[in-house]
């Protein structure tokens, strides 16, 4: 049994509170801002007590932004949909390509397999801006600029290496004997992959998919350069709130709240899964 | 049913040769035990037969058919792994049913098949459990059931009793021979336990460093081990090994043990004057009364009563320690001075330099494979 004195517990409580306040403050502040008008936000000193308004959310959902200079159309809901569509599709494609590839890298050591796997990982080393210029030129030639297909393709730079490397570790953790046993029982290698390897690597695949989703969702630079307004995700769409008549802090905050809600909900729901999954893959000897 | 044959099989990993030009044949319905220390290549050999790894050279025949290039699922063998290799996400029932599933058996046939083999192995009550909820013994039986359920003509058992407790191992050692005989399958059984090897094998192949050092019946391996290493591996308590230099007198070849001449029976003429090692099984030594011809005086150092036998450690006048084993309940010296007699017929003589037994006809010709 562990005995802790009252003082110890109080100090621990204070320390924990400090940490939580430190990390939660920006989110709480943004949440508060999203219920205020620009005037109350910009008041000095800032007020903790205010009359909440839903105007920011209404503006986002109806798509009509009322500023001092007049009414402005914004495509926030469109952007949100783009984010969902791009992230989900990219992760789906990355899973479809990455999981079998990860299995191949884990189970079959062929000539150059390590090099190929490393090259795929190195996509994540290159600064996005470095890749973007040539990519933009190619995309314009190929007619892929400003298309969903083009964006999903580029998003593979984010998702595929992540999924490939995490899932590969999981496949390597499955004892080969288990798969051998299934083969010897009379099943084909494909059945073995489907019925043994996939279910056993399931938590890892889920964790990798989730992480890839978050990365894809948070991506800004690829969509900024390669897509125009109607294909852009929320991360880029939020730029629209910097208008000629000033920065719309209230709407930006509301947009942030709306755009982090899906990932936050997903992360909270799968938190245990995610931590377990990622650390399991990590402690492999 | 099917026979099994490996012809000049070579397997290398990087620069290391794990199986070195190995040939072996197992008759239809025979149980062959592969015995040897870790790293001898036993498991690799099983995997080659199962088809999960490919040989670098050589051919593998099952039932007379060349299976060398056939994938594992087409070879029709059953295999039980040392680490069980159960599918952790399936129940014991589904685990056992996998070979039947592969044959596209009907639901009814599958249920009947699994249940009959489960009953045989006494795991009928845990079929709905996942492997994680099974005890080691149940896991081992589940793995065995999975290997048996499809009635494969060739069964490969990779040290299936390695990871179970001593009591269960003893039980299974008694049960397995009957079980295997009932199946009529050709069995290759890997073990590191000499008792298991003796109990289960029609023949034993003693492996070491990728080659078969000796192939023979349990009796042959025990009575006529090919070399010192094998003599030492088989037998509990371990064989007594003493350095000797045989000489000749009117009565034949003899060795001097504590200044007593012990005459040997056998064709040992060529050993006169050579450095040899004599191997004396502890049970071939007897306590005798003082004055018996060729009795060796010793001092009793310690006595260990095991259930069915008593093992006595004695010391000769030259200070060499010898183990004597006698059945429990038979008379013997428990302390002080004693005399032991050596049965010259059962003594084994080895060449000290090479370790090979002298007069051994049973040594496998390492290059050409087959045993004499």
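Each Cβ is built from the backbone N, Cα and C atoms, and glycine gets one as well.
The feature domain 'ABC transmembrane type-1' is assigned by TrEMBL to A:80-270.
Look at TrEMBL and you will find A:12-32 (among others) tagged as transmembrane segment.
Per TrEMBL, transmembrane segment is recorded for A:84-106 (among others). For the transmembrane segment (A:84-106), the residues of the chain that approach it from at least six positions outside its boundaries are 113, 116-117, 148, 151-152, 155-156, 158-160, 162-165, 167-172, 193, 197-198, 201, 205, 208-209, 212-213, 216-217, 223, 233, 262, judged by C-beta separation under 8 angstroms.
Sequence-remote contacts of a segment are chain residues at least 6 beyond its ends whose Cβ falls under 8 Å from one of its Cβ atoms, and for the transmembrane segment (A:118-139) they are 145, 150, 154, 157-158, 160-162, 164-165, 221-222, 225-226. Residues or ranges marked as transmembrane segment by TrEMBL: A:118-139 (among others).
Under the heading transmembrane segment, TrEMBL lists A:145-167 (among others). Note on the transmembrane segment (A:145-167): residues 85-87, 89-91, 93-95, 97-99, 101-103, 105, 117, 120-121, 123-124, 128, 131, 135-136, 139, 201, 204-205, 207-209, 211-212, 215-216, 219, 222-223, 226-228, 231, 277-278, 281 of its chain, located 6 or more positions outside it, place their CB under 8 angstroms from a CB of the stretch.
Per TrEMBL, the feature transmembrane segment maps to A:204-229 (among others).
Summarising the annotation, TrEMBL assigns transmembrane segment to A:249-270 (among others). Within the chain, the transmembrane segment (A:249-270) has long-range Cβ neighbours (under 8 A, six or more residues past its boundaries) at 27, 30-31, 33-34, 36-38, 41-42, 55-57, 59-60, 65, 74, 76, 80, 83-84, 206-207, 210, 213-214, 217-218, 234-235, 237-238, 241.
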Cβ contacts under 8 Å made by the transmembrane segment (A:12-32) with residues that lie 6+ beyond its boundaries: 4, 48, 50, 253, 256-257, 260
